[in-house]
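As given in Swiss-Prot:
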type     : residues : note
TOPO_DOM : 1-19     : topological domain 'Cytoplasmic'
TRANSMEM : 20-42    : transmembrane segment
TOPO_DOM : 43-75    : topological domain 'Extracellular'
TRANSMEM : 76-98    : transmembrane segment
TOPO_DOM : 99-177   : topological domain 'Cytoplasmic'
TRANSMEM : 178-200  : transmembrane segment
TOPO_DOM : 201-232  : topological domain 'Extracellular'
TRANSMEM : 233-255  : transmembrane segment
TOPO_DOM : 256-302  : topological domain 'Cytoplasmic'
Amino acid sequence: MGEWTILERLLEAAVQQHSTMIGRILLTVVVIFRILVVAIVGETVYDDEQTMFVCNTLQPGCNQACYDKAFPISHIRYWVFQIIMVCTPSLCFITYSVHQSSKQRERQYSTVFITLDKDKKREDNKIKNTTVNGVLQNSEFFTKEMQSDFLEVKEMQNSAARNSKMSKIRRQEGISRFYIIQVVFRNALEIGFLMGQYFLYGFKVPSMYECNRYPCVKMVECYVSRPTEKTVFLVFMFAVSGLCVILNLAELNHLGWRKIKTAVRGAQERRKSIYEIRNKDSPHRIGVPNFGRTQSSDSAYV
């Protein structure tokens, strides 16, 4: 049960800041109707699954062969594998968002340190402008130097603020895109496991199986323990998987297309701004004079 608790906390961290209301409802469905039910009820129902699978034969190995034919993979193990695989995109999203947040903090710290260093230099110049060897100095050189340092620090602060804002916008766009991608993958996994459950088990667990698989020498009848209880559990897990698929589609409809359009529009605007900056810089590049031959060198050829 401790392993499931760790998984629950990780899933809560995944949707704490970046998920929608539908995503939080989906988390409740996954945690309560899947993890808790499989961990508490499923282990009790399927505890004696193989030991109570009895066939009316004494042939060695026949019971195991017929059980393998009836249940290629145990219900409870299939659902545990389904939970792990469906939660994997959310865990990848946690890793990505934490990495982006740490990168953003590193950028902010580096900007603060550079600004503080420039402020310190400006204060040193101010002290130097005030007294030199105990004599008051008001020279124009120190005043201009201090003004240039002040303008440089101010420009750096404004540039740092703009860069921080742009990096924050890019980070939010990247997190939104990654969130949409993980919802798409999660829904694809849900549909795949739902179809796999249908083809493996159907909607009913029969009380008796007929088996003639080797090493059985003839057709034998095998009996399953708690068939009605397992049928109810099977239908319940079908319903939970179907509900998760519907919630994933609703979440994509709620934020997916809108955020996809916003992300595409933002990428187009960034490309447009870069193109405009390059066009503004191109006249300056063309108008640069050629310093290869000066006027004095030209007059030497006259």
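Each residue's number is its place along the chain shown, starting with 1.
Cβ atoms are placed via backbone N, Cα and C, with glycine included.
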**OP:** Could you put numbers on the helix, strand and coil content of the topological domain 'Extracellular' (43-75), residue by residue per DSSP?
**Re:** 13 helix, 2 strand, 18 coil
Original post:
Who are the chain neighbours of the topological domain 'Extracellular' (43-75) in space, where the CB to CB distance is under 8 Å and they lie at least 6 residues beyond its ends?
Top reply: 200-201, 209, 211, 213-218, 220-226, 229-230, 233-234, 237
Original post:
In the predicted model, what is the mean pLDDT computed over the topological domain 'Cytoplasmic' (1-19)?
Top reply: 56
Original post:
What residues in the same chain, six or more past the boundaries of the topological domain 'Extracellular' (201-232), come closer than 8 Å to it by Cβ-Cβ distance?
Top reply: 45-46, 48-49, 52-57, 59-63, 65-67, 69-71, 75, 238
**OP:** Taking helix as H, G and I and strand as E and B in DSSP, count the residues of the topological domain 'Extracellular' (201-232) in helix, strand and coil.
**Re:** 7 helix, 8 strand, 17 coil
